[in-house]
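This report concerns only the one structure given below.
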């Protein structure tokens, strides 16, 4: 049925991705050899083919493509707990590395490897009954996930124009920087994602650190803890595809409900309940509690504060046995109480869906996906750092040396600034200013604000 093809690229993407597969295997009762060992077969196996192919001998193989320009991360996945579950041919890697250089990932090293990746993608897509879309895990600060990741997305876009393209993109953090050239890599990537992706879930390490530190009370969070948060959200977004629920959603329904204008498809995500290990027993999980926490700005997995902007749209995905009526009441309640944080020219702009099966170890849980104009803070911050370096042409020789042109940087910069301006325009728009926005969104959005 409605299959999703999962692709992970670069070190960050592969680490998030392998954590995601651990979570999904756990939810569906698949052990590390790919065999089913769960307890509720009818629920866990009914729609297992969203993420798995069934191989001979009753083994379930993830529909995943793993790519990287150096073998390191792949080797550690292979030797990790779920390393044997993946199809060996689906590991595609080079030896050279992209050295945190977007141009290497997009134009030189990545371009050499891309055909091998596309062959595997085609093979997996041909095995599907009715492919729904692709989900890509990558970071935007490095070279492989950002450069080669966006190259792959644009190639897939060419070949499968009518399939959904969902990305989980880790943005550079405001205070924590891994690489000096992050602003370049991120800006060049956003330039691609605006055009070629349908939905982007925006994540960043700093916000995830804050959640681990403040909410989960972990004194020294590891990347594993951060990736666990991300994978909880990833599994939440697709849970109503994988389990029977009362109010279903799929990638396309999500997009239709969340994207009022085609370029504004960068979402904030959150998850509830997040509790520290010690305090779990003192917390009663009720729909109001979940709702309260999932709309909390401290819960957002990217460094933008939803209180600084307004929600164009949002989607709440609840999991567990609960009354749909109560869910609807709570969502309505949030909208009425905080009406100033929602744009008034899209009435009822929160979609909810309910799925019966909660995540492992919880009675109920909720995943939040919001399209808020405050996401522009992320872009604005990266853009300022980009401009500071680009004005002096710092580090540019690494990119031009791989055959890039300065013009491409200028274009990416202005595209990102246009995006910020568009978000700002709709943040300021009110329901009664009809005359001003007759400009059709189809032109590339370069009008003055």
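Yeah, the Cβs are placed from backbone N, Cα and C, and that goes for glycine too.
Neighbours of residue 144 (GTP binding site), defined as other CB atoms within 10 A of its CB across all chains, total 34. In the three-state DSSP reading, residue 144 (GTP binding site) counts as helix. The GTP binding site annotation in Swiss-Prot covers 11, 70, 139, 143, 144, 145, 205, 227.
Taking the Cβ of residue 70 (GTP binding site) as centre and 10 Å as the limit, one finds 18 other Cβ atoms among all the protein chains shown. Positions annotated as Mg(2+) binding site by Swiss-Prot, on the basis of similarity to another entry: 70.
If you look up Swiss-Prot, you'll see 427-449 marked as region 'Disordered'.
Sequence annotations record features per position, and here Swiss-Prot assigns compositional bias 'Acidic residues' to 430-449.
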How big is the GTP site in terms of the longest C-alpha to C-alpha distance among 11, 70, 139, 143, 144, 145, 205, 227, in angstrom?
22
Give the residue from the binding-site residues 139, 205, 227 that has the most other Cβ atoms within 10 Å of its Cβ, counting over every protein chain displayed.
139
Using Cβ atoms only, which residues of the same chain lie under 8 Å from residue 145 (GTP binding site) while being at least 6 residues apart in sequence?
9, 10, 11, 12, 13, 105, 137, 138, 139, 170
What same-chain residues, at least 6 away in sequence, bring their CB to under 8 Å of the CB of residue 143 (GTP binding site)?
10, 69, 97, 98, 99, 100, 101, 102, 104, 105, 185
For residue 139 (GTP binding site), name the DSSP secondary structure in the helix/strand/coil scheme.
strand
Residue 227 (GTP binding site) in three-state DSSP notation:
helix
Three-class DSSP secondary structure - residue 11 (GTP binding site):
helix
